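Accompanying notes for the structure given below.
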Amino acid sequence: VVKEKNRMGECPVWEERENALVYVDINSQKVCRWSPVTNEVQSVSVDARVGSVALRQCGGYVIALGTRFAFLDWDTQAVTTILELEQDKPNNRFNDGKVDPKGRFFAGTMAEETAPGVRARRQGALYTLFPDHSVIKQLDQLDISNGLDWSLDHRTFFHIDSLSYAVHAFSYDVHTGKIACPKLLYHLEKEEQMPDGMCIDAEGKLWVACIDGGRVIRIDPETGKRIQTVRLPTPRITSCCFGGKDYSEMYVTSAYDGLDEATLAKEPHAGEIFKITGLGVKGIPQNLFAA
């Protein structure tokens, strides 16, 4: 549905009030918004790689870029820093993020590659930004903090550290926002490659984007089993979310960065955004940051 190619399309969010899909292109340092009505993409350029975007209750967006949390005012394109983190790790940047059921913004960090395939290990962390602008560190020594979401009963937090090739489940205290007691939920099969972004559907099942696996997979958290696979027409599938008027459509982002020229020539859809219909399941609206 979006032909405008992204170097590293990520973190799609359906914004009901704008009837639009909001997402980031991490490596192009842009926050983007696509209207299915006009088919137009608007974007705001920022001064660092932007890992994630989420909706604010009062309008506009909260973003995680470089190693800082900030607000983005779409109309003025103004970016206002809330807090700087990890200033002792100049090679780190924020990656995926999402707002929890109480309006707190969870986002994690990762080390950038210093050469193709070369990355300092266990440099990442997962943080929670509270509406009062305070921050706590939830997890440490992560490789690539990535996909995240909450169970429908708000008792479980799901998280992906990509280089573990797995989805983990944590107990989650909705009152404090604290997570604890990680356990392995699902380890990806070889052909599924590496897990990236993730979202939950209205039946409480998880959808995981498989980067370099060219698919999204549906996992049942109760059994820890994969129950569905949807293949997409390009390999670097990065994230997914539900949207549309009744949240019955799935939007899937992809990337072309990381593909060599020979592969790119054979991958005309790399970096585009796709819509999957007919899944027979709906999603749930995004939570809004409560400040």
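Numbering starts at 1 and runs along the chain as it is shown here.
Each Cβ is built from the backbone N, Cα and C atoms, and glycine gets one as well.
Unlike curated entries, TrEMBL annotations are predicted automatically.
Annotated features in TrEMBL:
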- 8-255: domain 'SMP-30/Gluconolactonase/LRE-like region' (DOMAIN)
- Glu10, Asn146, Asp196: divalent metal cation binding site (BINDING)
- Arg93, Asn95, Glu113: substrate binding site (BINDING)
- Asp196: active site, proton donor/acceptor (ACT_SITE)
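Neighbour counts of Cβ atoms within 10 Å were compared for the binding-site residues Asn95, Asn146, and the top value is held by Asn146.
Of all Cα pairs drawn from Arg93, Asn95, Glu113, which the record names as binding substrate, the longest spans 13 Å.
The Cα atom of Asn95 (substrate binding site) lies nearest to that of Asn146, taking the binding-site residues Glu10, Asn146, Asp196 as the candidates. Sequence-distant neighbours of Glu113 (substrate binding site): residues of the same chain at least 6 apart with a C-beta under 8 Å from its C-beta are Arg119. Asp196 (divalent metal cation binding site) sits 16 Å from Arg93 (substrate binding site), taking the CA atoms of both as reference points.
Rounded to a whole value, the Cα-Cα separation of Asn146 (divalent metal cation binding site) and Arg93 (substrate binding site) is 12 Å.
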